[in-house]
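Presented below is the structure to which this report refers.
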Amino acid sequence: MCFSVPQATLFVKKWKIVFFTLIIYGLDVVFCQAQYSIPEEMPEGSFVGNVAKDLGIDISRLISARIVSGESAEYAELKTDKGTMVVNERIDREELCAEIIPCSFTLEIIIDNPMELHHVTVEILDVNDHSPTFPKDEIHLEISESATSGSRFLLGSADDPDVGVNALQNYILSPNENFILKQLSRPDGVKYAEMVLQKPLDREQNPRLSLTLTAVDGGSPQRSGNVRIDVTVLDGNDNAPIFNQSVYRVTIEENANKGAYITTVNASDADSGSNGLVKYSFANLKGNVADIFKIDEISGVITLSGVLDYEKAKKYEIGIEAKDQGGLGGSAKVIVDLMDVNDNSPTVTVMSFSSPVAEDAALGTTIAILNVKDLDAGDNGLISCTIYPPTPFKLQSSLRNYYAIVTDAFLDREHVPEYNITITAMDSGSPSLSSKTFLNLKVSDVNDNSPKFQKSVYTACAIENNSPGLSLFTLSAHDSDSNQNARVSYFLDETTVAGSHVSSYISINADSGVVYAVRSFDYEQMKNIRISVKAQDGGSPPLSTNVTLDIVIQDENDNAPQVLYPVQTGGSLVAEIVPRSADVGYLVTKVVAVDVDSGQNAWLSYKLQKATDRALFEVGPQSGEIRTVRQVTDKDAVKQKLIVVVEDNGLPSRSAVVNINVAVADSFPEVLSEFTDFTHGNDNLTFYLVLALAAVSFLFITCVVVIISVKIYRWRQSRVLYQSNLPVIPYYPPGYTDTGVTGTLPHMYNYDVCMTTNSRMSDCKYSTLGGKSVLVVDPSFTETMQRAMKENQLFQDDSSELVRPLFICTYSFVLFQLCVKLFNKKKQNYYYYYYYYYYYYYYCCCCCCCCCCCCCCCCCCCCKAIKCKGLPSGFSTLSWTATDNGLSDQTSD
């Protein structure tokens, strides 16, 4: 795609912008080319072109743009903030390019992410800043007066470094009568002038002539240069020198040594004498040609006096002049063609290099762009590139003389953190020449490795009763990544230990991995702690690994042995009976002890610390068995007291002491009499228990007596209403009927009443109604009877039915609790004090009997209460019968 954009500046013209797109293994590398034209001699800072606009680049991306190479990069500057290119220093086209047309220099701009390669070519336009100049200020000619019309005299050429229209255009000869000017061009385009004799010379009239030759260019404004021609008129030279060939062509290798023979030119002159003597010279040499070649003016032999370089000039065209002594001359041309020799090694220029490269870079990622050049021609300039040593990279040819280094395999920084890449460029000459370029490529880290522990499970030990904050263990994880990706932090997983959060037991330093105890441990409560620790790196996203740490709590001898048997309680009697017939080794008892510690801290040993008779008993140091050492005799005391020490194996050791009373006897009374003082404490307890039981029993009996007394009293009060102290007189009236309003006697029944002689003075009245006897009860008496019966019923309900059962139950419960406590107390020593067997048997029987009696009393009282409760409404018959002993009442259901 080509287009042109005119510039605002008068002398600046943008020629074209060419775009290319290069795809390398899926990576797009944009290649663009832009050309600008500017005149030479522009001041510093002059505008060249808008690179951002012309190449379609966002100005923000130009911030990272850079000029990486260029033959004349110092002449231009890229303004990244504006996207423009300006002149960096004054440019002289003649100095930069000499006669090369067109004159230009190339800049290469690299933009990263994504990678873009841009070529900017700036053509330098010529300005007419040079005037034509002649190699000499004067030209001296000697011309014979015998020279005929049409004779030619070579004047040479002027030099104008400018090109194009600003270069030399024509020559002008000052007016004269004898000569005219003829302008000619050599094969290389150089214009030169000859004077042609138009009118023969006359030495006698004018022996000397002075002319002016002017060289004019075509610039605006026009520039010119002058040279003066002095002509001396001589006598008799009729013939001018003539070369045997007009063009001499020679081929020579560019590496020819100084003094090497080039060729020989030859010109002949038909004149004789001095007029036939010819001299050779170079005509109008340009630049440094006079320093490279040399001609012998007599022989015409041309030799090499300087150094040839095919890369600078592929051929030379040299003008040769031959002049005789009479001033006549001829011209010829020597063309020297240079033959290229493989004398230039390839050059490798790194246009762009991305280092470091991420280790997770995809296949085909471009690492660098290289430009290779060889100034030689043909096969000598044909270049091939290779990478050494074998690396996960390869060279991909993109454009002519351009190579891209791309990834050919996956990278791993942890395996190879950097690569030293050698690029070798070799031409195809014979012998071939090569050059090497070295690149040091670093691989940047990506967080692709999680922290690693050397083990999956670690074990640490901690002695119990440790101080809080104690360092227990140091966990260390290694991360193969680098920098922040390798920074490991340690955390406790959310777990529980014995129902509590793990952080209440253990803490860990997030940076160092040191594990600390938060509290003091107790081996007897917790034997070990298992925690899970997470090691996490600082990458994004972070990677982590878990490890298990088992903290084994080691036992410390912080617990004394505990005696399980015999049981040692306050005031308890520990006694064992040894018959006097016991033999040697008789097992008296066995001390059983435990230590809640572990290991050697729980290894127990037994020893007899003190004994009434050390010669009679011994203790097994490991078993704790107490045995007789000798035969028991009658002389041995009945009461033997042993003190056994139980000691563990810790450092320092801890111990417990047990007192054992041994009775050496064959009968229970003997033992009891000897150990009376031993049982004093227990007798006191028994005394208090029996005293409490007696007090409760006394209270119970007192309450029963009081209740019975009140009951009898109430009953006697109720009997006063019907009982008299007088003797009973038999009296049998006919059937009587209850006509009162009390309702104490059931209606529709007849009653036979037997009354005392003074019953007339009572509240009961008798009357005869319809020939029948009627019992009339006084109303006041009726109220008295009702009130007495009601109080009696309430008393029976409250006292008999509630108080007595409740009291009996309370008494029974208290009695039962006392028996249980007493039994439990005695039960502790039951196996040791078996000589109290009969005592306990009697005591238990008594307790059982008391309980049974209490239960029976409760049942009877309850039944009685229920039965009595129904009496007020249960009088089915009431018979008052007069007997010999007086009036008696009979009640039947």
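Numbering starts at 1 and runs along the chain as displayed.
Even glycines carry a Cβ here, placed using N, Cα and C.
Because the structure is a prediction, the values reported are computed rather than measured.
Listed in TrEMBL:
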type	residues	note
DOMAIN	37-134	domain 'Cadherin'
DOMAIN	135-243	domain 'Cadherin'
DOMAIN	244-348	domain 'Cadherin'
DOMAIN	349-453	domain 'Cadherin'
DOMAIN	454-563	domain 'Cadherin'
DOMAIN	578-675	domain 'Cadherin'
TRANSMEM	685-710	transmembrane segment
TRANSMEM	802-820	transmembrane segment
TRANSMEM	840-863	transmembrane segment
Integer average pLDDT (0 to 100) for the domain 'Cadherin' (37-134): 84
Stretch of maximal Cβ-Cβ contact with the domain 'Cadherin' (349-453) [cut-off: under 8 Å; candidates 37-134, 135-243, 578-675]: 37-134
For the domain 'Cadherin' (454-563), the number of residues DSSP places in helix, strand and coil: 7 helix, 51 strand, 52 coil
For the domain 'Cadherin' (578-675), residues assigned helix / strand / coil by DSSP: 11 helix, 41 strand, 46 coil
Residues of the domain 'Cadherin' (244-348) by DSSP state, where helix covers H, G and I: 8 helix, 47 strand, 50 coil
DSSP-assigned states of the domain 'Cadherin' (349-453) in counts, ordered helix, strand, coil: 4 helix, 54 strand, 47 coil
Residue distribution over DSSP helix, strand and coil in the domain 'Cadherin' (135-243): 3 helix, 56 strand, 50 coil
Residues in the domain 'Cadherin' (37-134) grouped by DSSP into helix, strand and remaining coil: 19 helix, 40 strand, 39 coil
